[in-house]
Amino acid sequence: CAASRQAACSAGCIPVPWLCDGEQQCPDGTDEQCGCECCSVPSVCGAKKVQCPGTHHCIPHWELCDRHQDCEDGWDEEGCPQQPCLPGQWQCRNRVCIMAEWKCNGIDDCGDSSDEDVCAPCPPGMVRCDEGKCILESLMCNDEDDCLDGTDEPSTCGELCVAAGHCPCGWGRGELQSCPASFCSARVDIRSGDLYWLASPPLSCPRTHVPCRDGTECVAQEYMCDGEKDCADGSDEDGCAQLCDTPGRSHSSYLCGLGTCLNASLVCNGQQDCGDGSDEGGNCSVPCQRSCARLCYPSPQGPRCWCDPGYQLAEDGLSCMDVDECAEWGKGACSQTCLNAPGSYSCGCLAGYLLEPDGRVCKLAGPEPKLLVAVQSELLSCGLRSGREEVLLTTDKDRVVFSLDYDLVDRKVFWMDLATESIRWQSFDLGKKGTLVKGVRSDCIAVDWRGRNLYWTDGAAGQVLATRLGAAWRGIPEYTVVMDGDLDHPHSLVLQPLAGLLYWSEVGSHPRLMEATMDGSRRHVLLAQGLGWPTALALDLPTWRIFWLDEKLSSIGSARLDGTGVKVLQLGWVQSPFAAAVCEGHLYWSERKAWSVQQVDKTSGKNRTVLLKRHGQPHGLQVPTRGSP
């Protein structure tokens with residue numbers, strides 16, 4: 001290794017600034033053992049830049065190994081990997097590898113925006129950092145380094161202040177304009193350092209969401225008054241207690257003066273059950289003479305009607321009506337099938353599932369369900385209850401296991417190999433492996449285990465193709481074009497083998513979700529509204545719904561398989577989803593930017609958990625519903 005410029009590790013030589021930088025470059029991790037002398041390497045450039053040896057010239061970390069000589073002697077390009085990315089891939093400034101066709105596609109696939117910086121100027125309302133990345137103006141002077149080089153947090157940020165209730169809006173014009181304080185903030189011009197005031201327009205929420213009181217975020221309507229504070233200011237739970245006495249919402253609740261709800265049977269019983277005693281006194285002694293359909297209870301405000309469990313008070317305040325607990329999906333009554341009855345309901349499970357003791361939740365019978373995940377050149381198995389991880393197969397280091405699917409019949413896993421432009425397979429029972437077809441490129445493959453075919457999408461060609469699962473590579477590609485012509489960049493693909501149907505997403509100029517029979521006939525639009533880039537699809541057959549993750553809108557959506565019952569949750573942490581799967585009560589997906597596999601409650605979008613995080617980008621994932629490897 002070059003003295004003073006490179007450091008040795010088991011895999012070869014790496015640039016000195018890569019030592020103790022928070023990212024493991026050596027396979028054995030010795031570059032991140034920060035008890036070594038590398039941590040005391042002096043630098044006059046600060047933590048965000050590195051010094052070219054023998055000079056006072058400083059460059060950002062991301063200019064190392066960017067294939068451009070930034071130091072006069074070329075030190076920043078010495079010892080760099082000769083082929084850091086696979087054929088057909090493009091290297092980002094942060095050394096992440098992405099598909100070459102993802103460059104300039106309008107999506108920040110790199111995570112540092114380097115694949116989009118060279119394509120167009122920053123859009124209105126955004127400014128460019130010194131390293132080229134575009135950020136929102138509102139991210140300047142927010143005490144966080146949103147630019148890699150920190151140019152969005154200059155020293156002049158500390159000089160800013162906001163007059164209470166007013167702010168001088170505009171670029172230093174000097175006039176005062178009345179603006180809500182929550183929508184006005186002081187900013188610094190990222191190039192000149194000049195101070196200016198930024199007046200943001202009122203927050204615009206989609207129709208399925210409501211704004212929080214402070215105007216900083218939107219939350220789903222389903223999150224209002226659910227007992228959890230989803231707004232940072234807690235405004236989604238303010239005033240919710242009064243709902244306990246609203247006709248059509250409750251059958252036996254009384255609103256205490258402090259805002260809590262009390263069972264109506266405890267009102268006017270001679271004991272103060274409300275903390276403030278508001279459930280006693282007043283008109284408690286007034287006899288019930290109202291024409292209540294079921295029951296009448298006294299209250300400090302006078303007699304009131306109430307209903308038995310399973311019924312709710314009608315709008316007339318006198319009669320009772322049955323509560324249909326099965327009417328709306330996602331309210332938590334049953335996880336699979338629901339049967340309503342007068343004043344009650346019962347839950348059931350489909351074949352292969354068992355009802356939990358709570359009488360609501362269905363769990364898979366048999367062995368623990370496992371999640372198959374492709375991470376770089378490995379295929380992993382993760383137990384969804386135990387969390388146990390296991391490496392099922394490892395390919396050559398220069399190959400990426402991309403999209404994958406599992407054959408329930410022959411217990412084979414199929415995956416897309418981008419390096420060789422082929423779809424490969426391996427058997428878990430016999431240990432055999434082989435190539436199904438060559439000369440293809442796809443973001444998504446799907447196995448029809450019943451019809452014994454494998455399907456894939458070709459976004460560039462606008463096609464859906466298929467080949468037989470039993471085919472063997474004989475030097476000539478053997479596959480059939482199932483659909484062609486008017487497909488607008490088909491991307492994700494999922495199958496319903498027992499019904500002979502396939503579903504796919506299109507991410508072109510008019511994004512939509514589509515359905516067709518497996519021979520490509522009876523094609524129709526499932527959903528064409530409210531979509532941005534639906535890059536990951538998953539079927540949940542027990543609830544007869546299709547789920548999608550939208551990269552552009554940062555949302556999770558679902559709908560019935562006939563296109564009705566659409567539900568969308570806007571969730572800011574959905575950034576770069578690649579593949580998705582549903583099992584029992586959870587939705588799982590791979591996040592390429594965060595290098596992780598995450599899960600959420602499929603109905604509410606809450607309880608997000610990072611299930612798996614490895615040093616490498618995750619791509620395809622699948623949950624075999626039987627015969628797990």
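Note that the numbers count up from 1, one per residue, in the order the chain is shown.
Backbone N, Cα and C define each Cβ position, glycine as well.
Unlike curated entries, TrEMBL annotations are predicted automatically.
Going by TrEMBL, these are the annotated features:
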| type | residues | note |
| --- | --- | --- |
| DISULFID | Cys1-Cys13 | disulfide bond |
| DISULFID | Cys65-Cys80 | disulfide bond |
| DISULFID | Cys85-Cys97 | disulfide bond |
| DISULFID | Cys92-Cys110 | disulfide bond |
| DISULFID | Cys104-Cys119 | disulfide bond |
| DISULFID | Cys122-Cys134 | disulfide bond |
| DISULFID | Cys129-Cys147 | disulfide bond |
| DISULFID | Cys225-Cys240 | disulfide bond |
| DISULFID | Cys256-Cys274 | disulfide bond |
| DOMAIN | 347-362 | domain 'EGF-like' |
| REPEAT | 500-543 | repeat 'LDL-receptor class B' |
Cys110 (disulfide bond) and Cys13 (disulfide bond), distance between Cα atoms, whole Å: 25
Spatially closest candidate among Cys104, Cys129, Cys134, Cys225, Cys274, the listed disulfide-bonded residues, to Cys92 (disulfide bond) (Cα to Cα): Cys104
Using Cα positions only, nearest of the disulfide-bonded residues to Cys129 (disulfide bond) (Cys104, Cys110, Cys225, Cys256, Cys274): Cys110
In sequence order, the disulfide-bonded residues (Cys97, Cys104, Cys134, Cys256, Cys274) whose C-alpha falls within 10 A of Cys110 (disulfide bond): Cys97
Counts of helix, strand and coil residues, the domain 'EGF-like' (347-362), according to DSSP: 0 helix, 6 strand, 10 coil
Helix-strand-coil residue split for the repeat 'LDL-receptor class B' (500-543), DSSP-based: 3 helix, 23 strand, 18 coil
Least buried by Cβ count (within 10 Å) of the disulfide-bonded residues Cys13, Cys110: Cys13
Neighbours of Cys147 (disulfide bond) among the disulfide-bonded residues Cys97, Cys134, Cys274 (Cα to Cα, within 10 Å): Cys134
Fewest-neighbour residue among disulfide-bonded residues, criterion Cβ within 10 Å, set Cys92, Cys97: Cys97
Candidates Cys104, Cys134, Cys274 (disulfide-bonded residues) - the one closest to Cys97 (disulfide bond) by CA: Cys104
Mean of pLDDT values spanning the repeat 'LDL-receptor class B' (500-543): 94
Other C-beta atoms that fall within 10 angstroms of the C-beta of Cys274 (disulfide bond): 20
Nearest-integer angstrom distance between the alpha carbons (Cα) of Cys256 (disulfide bond) and Cys225 (disulfide bond): 17
